[in-house]
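Features of the protein shown, as given by TrEMBL:
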- 1-11: compositional bias 'Polar residues' (COMPBIAS)
- 1-22: region 'Disordered' (REGION)
- 83-102: transmembrane segment (TRANSMEM)
- 114-136: transmembrane segment (TRANSMEM)
- 163-184: transmembrane segment (TRANSMEM)
- 196-219: transmembrane segment (TRANSMEM)
- 225-247: transmembrane segment (TRANSMEM)
Amino acid sequence: MLPTTTVSSRGQGNGVLSPRDAARHTAGAKRYKYLRRLFHVRQMDFEFALWQMLYLFTSPQRVYRNFHYRKQTKDQWARDDPAFLVLLSIWLCVSTVGFGFVLDMGFFETIKLLLWVVFIDCVGVGLLIATLMWFISNKYLVKQQNRDYDVEWGYAFDVHLNAFYPLLVILHFIQLFFINYVIISDSFLGYLVGNTLWLVAIGYYIYVTFLGYSALPFLKNTAILLYPFALLIMLYLISLACGWNFTRMLCSFYKYRVK
């Protein structure tokens, strides 16, 4: 789960890790420790995970400052506690049930929607985005003088989860209160409200992703991760001019998928 690895080992007196310490610092060992803690609820810090979820909305920089602290104290950037992932899964279930209720879906249709949202929207798309960002950051963003460091895939997926949570809350929770009464209507106000929520949600995703990679001191030119903002705003303006309603399109797609 480490975002970085070093070719030259750090050590005690002679600069070399002992075989036992080296084994503890491998990505595989830390991944095993992370997955093992999924089955030990008492070892998870849910209070701290809730704190992170709150600050991902109000001050996401503070979340990544804590990542720096973890690197200094535990020699890893990514989370070693699956509590955030567990709470995110609960949010996915609750919000998807609410989505199914708003769209007047039956029990089995809601279950199908839940499976789609979890395994396609969150995990599937997350794997794709994390892999793409892992490749781009290692290929183009690592500083020349820091070629001994690289961004590990586990950290890229961790950044995706951080960015996905605000998007989930905006589109799968806040938006639910406006769908039937405002957004689905054929009026300009309908697609103005709906598309604006999409703009804010995706904008949050881009910004939190940028913060995640700019937090790594061995990366350069991370500001290019903000460039999609220009395309996002352009698409938003075009959608208003053409009367596209992204939320209605999403609802129609979900209903088609659960048939």
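Think of each number as a place in line: the chain as shown, counted from 1.
Note that Cβ sites are derived from N, Cα and C of the backbone, with glycine treated the same way.
Whatever TrEMBL says is automated annotation, not expert-curated.
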For this session: Check the transmembrane segment (114-136) against each of 83-102, 196-219, 225-247 and return whichever range has the most CB pairs under 8 Å.
Result: 83-102
Problem set entry | Residues of the parent chain within Cβ reach of the transmembrane segment (83-102), under 8 Å, 6 or more residues beyond its termini | 38, 44-46, 48-50, 52-53, 109-110, 113-114, 117-118, 122, 161, 164-165, 168-169, 172-173, 176, 179-180, 254
Problem set entry | Chain residues outside the transmembrane segment (225-247) and at least six past its termini with a C-beta under 8 angstroms from it | 175, 179, 183-184, 188, 190-192, 194-199, 202-203, 206-207, 209-210, 213-214
